[in-house]
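**Q** I am attaching a structure below and will ask some questions about it afterwards.
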Amino acid sequence: MLSRRFAIIFALTCLFAYWFHRPLPNRLADRNVLQIVEPLIRIVYIKILSYFGSDWQIYWARKSLHTLARLNSWVHSMSSDVESFDSQFDGVPVRIYIPKTLHSDGALVFIHGGGFVLFDVDTYDALTRDLASETGMVTVSINYRLAPENIFPAAVEDCERALVHFLREGYQALRVNPLKVALIGDSAGGNLVAVTTQRLQRFHDLPSLKLQVLIYPFLQLLDLKTPSYRTALNEYAGTALLEPESLARYILIYLGLDTKHTEALLKNSHRSLVDRYGEQYGYISHSHLPKSFALEAFSNIESCAQDESLAALMEPYIFDPNFSPLLSENLTNLPPALIVTCEYDILRDEGFFYAKRLKEHNVDVFWWHLENGFHGMFNMHRLLSLAREQLTEMSAFIRAMTGNSKAESEASTIAMSRFTLTDQLHNKSPRQVEQSI
């Protein structure tokens, strides 16, 4: 009897494991750890709920992530060397982190990711807390409004309002030098960093940002068939790594549009916009990508039916720099930028395109490509060795770039020398490639 029960339980366990197992790319950093964590992430983002409506999936994901994040933050905050408290900047909720040992009078302003739909300052508490600790700088995390409750451009307005308040007066109470402020964000937050940095040029009475940091940013929706999108479908479809369908669905929610357009959008059915404006936006041609990105297998994109109604629906957003900062006409006079891309990320190519465009507009830009990295890795920096290492490297770079003393200036020179000007990717180490474009 017991042996029969054991056999049944064992068989069910094997079936469950088989159903949940998804092979991950062999070159993925910390693959063994991620192979265990990845199924749990899939449970959080369980897609079957989307068939009952996007609201169900969003509700489940938010509740799951919020619960896990609060538990994680509570455990680690007990031994943290960073104090935090919640406040408001011009009506926008923020969380402020103050390291017990300050290494700089500069500050970080952090904008979290989550597809403009998920996540908040709580789910990012561990990352922002450790950023404050690693940099030794006051850090402000903006809790902007999310879709679908608040659609575009609510998030843009919140981030701008909070940052303007901080640069205009909020810095005083925190004893921060407003000339040494870096703006940093990941994924959707990277989009908001790019947008807010561009919009800040309108405020001539404000000090300029010292640095903008974009970590695997979302920057455009004109072309969803770039090699990095197609590589995702070929190498890790069905896993918890960011894949095209989820991104397209969240972006439609952010814009307040019906998610029934998801499939057509993924097929580039709005491609008549590319045909119409292709020459004007030739800088996002696949031919400009590094050779290692532009895979021959994906050099020819299969044709798809054009959907003029979808093109008309998307056109106002796709060419709006407040949504698609990559397509902004004027990128001059922007602060230095550090752009982090990962090999296993559908947004890899647009990060490169933006770095290239900034360089062409005489902006000091540093491109940091992690050949074994993946989208969202920094949210797991306490589990993954590569993410921990790169967070430390990034923090050192931020400290160097925001410094103004002699010692800090020397450190800045050292940091910048690590990002050598080069035309092609060179594998400097088994895990990463760093360079200036």
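Going from the start of the chain as shown, residues are counted 1 onward.
Note that Cβ sites are derived from N, Cα and C of the backbone, with glycine treated the same way.
Copied straight from TrEMBL:
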DOMAIN    108-263  domain 'Alpha/beta hydrolase fold-3'
ACT_SITE  Ser187  active site
DOMAIN    315-378  domain 'Alpha/beta hydrolase fold-3'
ACT_SITE  Asp345  active site
ACT_SITE  His375  active site
**Q** Report, as a single number, how many Cβ atoms besides its own are within 10 Å of the Cβ of His375 (active site).
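**A** The answer is 25 other Cβ atoms.
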**Q** Could you give the Cα-Cα distance between His375 (active site) and Ser187 (active site), in whole Å?
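**A** That comes out at 8 Å between the alpha carbons.
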**Q** From the Cα of Asp345 (active site) across to the Cα of Ser187 (active site), what is the distance in angstrom?
**A** 10
**Q** Using DSSP, what's the helix, strand and coil tally for the domain 'Alpha/beta hydrolase fold-3' (315-378)?
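**A** Counting residues per DSSP class in the domain 'Alpha/beta hydrolase fold-3' (315-378), I get 22 helix, 18 strand, 24 coil.
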